[in-house]
């Protein structure tokens, strides 16, 4: 009971000796007292030590076991206390890893008299030498002590832990030093020289060796390259790398993408990361690149500008008209409203080939817009500049020296008349001597009678005239060079006549009129007599002009506003016997105005005759007979399928309708031609009604056999004030209201209008939507929520009901 430290040390020595005698490798450390009430707990350990000593004495019969037990006892007696104090934690780990089942089996064998025993470590070593799988050590942890049998905790020695850490640090430093010495041992120092540097033969030998190695490496590389080419390995490798290179996303894939920033916002040498701009789920459009930081900066700048609230009226403010790229800025009036009316102007540009963009295209477009804006007339005057003695190339292009026009006046030696033969196409022999146009610039022209007689004889010999050339006056306007008519020009200075330009115009007009008259002559070439009459008419007209007209007015035609207005009206044909159809000849001949006004009711075939023409009074009767012979015998009947008015007009022309309007017009008509027309219609009516009025009071005596298969399909439809077709019920209601003079009430009218609106909505409904447009509303909701779906939560009853809570 009152044991001291000496007695406790002897017990521990005895315990360790017994454990060594059993041949076990594990050592049981001494249990230190944890509390005063557990200081006599070691008596149990002494009893267990006695059992171990008994077993050791039984095994001590053998020599080897006895020797091992003595050595273990001596070792434990010498160093037992020191080990227990230095390494308590290590012994605890070994004690926890001990297999209690194996120890029990070993103790049972020892008690049965088997003297040989091996530990698990030794058994595993033997099994490893034999190539067998080592045994597994089942570490069975002892249960923690209970309240009745507590287990003493191990004492932690901080000095031992510190010494262990210092030893580990020393070992690590030694290992690092050893590795460093091994690495530096291969490097030569400055004091050590190679032997081949001082010896020439050694240097030559080394150089030859290096050259041989180099040649051998080149041969090997060449051989490998030939083998690759022979088997196609290099081609396959190149194709593989090329395919990988093409599959990689590179700068060429950026061509055509839009960057939604101004190009001047990117500074040179600055790296900017662009990402795809977010857009709606249902939004379809091209991808746009933006930078998040730049977007935030632009938004912040805009907010700053809005916060400033600058005054709008700045009459003397001068904004910078040039931007950073030395380009002219567009200036607009009331620019503060541009963004509100036109929306925010986007600043963007497109990437070109290779993902590059220099902004050249945007600047060109801006220059074009500026030029278009500056095309308007400006009040800015040109600034002063130094006068130059020479013209610039641009001014030389615009400079054109006016050429003085000298009038060529012929001598009035011989005047010839225009003949039909002059209009014949020239032959090869007549090309040089032919007349290319009028060379005579005189006023009055005297016609030679001999020339006229020759013209008449030629016309009689060849009544069929050749087709004249076109009425293009460009041939007559040609000017022949001075070499051809050098003798015709006067030697002195040319005498310019008054109003020469006007006279020249009149001559050209007269020439065109003659060409048109000869064209009429070609149309009447089938009759020689008619050609002769036209020639005589021309002759008489020319003679009459020579006798009656003034010499100043010869060969001219007088134009005034009235004649031009009447000529441009053209022919306005009017149908009917009392119409005012034009004669075959033109109404614009001033010589026959009075005669035409007297005989305006004569008929004509309405043949188109454009231009100026003159006819003698003696021949007027012949032309009237000619025109009367070409009139149509039957009048034109109006087309019935054009409408009810055309059908009534047809009945009126045939005399089937008896109208009082025509009878009144017959009595009160101021024109003489109207009664004759009415009389003809009345006469026709009498002839047509000769048999119809006789059967008027008789009735039908027989059926219409030709109408046996006729079954009329009558469909009566009524429409309202908006043009909508009414149903039979609605039509009856409308007629009833109109007859009785009353209408529907307010409620009925509103219900009817609501029903009509619903029908109109149903007709206007899209084929892919409901009448109320719920599909469009669904798409708008998805666009607002930025999701491709919509969540329907709860029912209509629960959503509409009012929830009452306490």
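Placement of Cβ uses the backbone N, Cα and C atoms for every residue, glycine included.
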Checklist entry - Between 403-448, 495-540, 541-586, 587-632, which stretch does Swiss-Prot give the note coiled coil? => result 495-540
Item to check | Per Swiss-Prot, the candidate from 481, 744, 768, 798 carrying the annotation phosphoserine | outcome: 481
Checklist outcome for this item: Judged by other C-beta atoms within 10 Å of its C-beta, the most isolated of the modified residues 189, 348, 770 is 189
Checklist entry - If you average pLDDT over the coiled coil (157-231), what do you get? => result 88
Item to check | Between residue 348 (phosphoserine) and residue 770 (phosphothreonine), the C-alpha gap once rounded to whole angstrom | outcome: 40
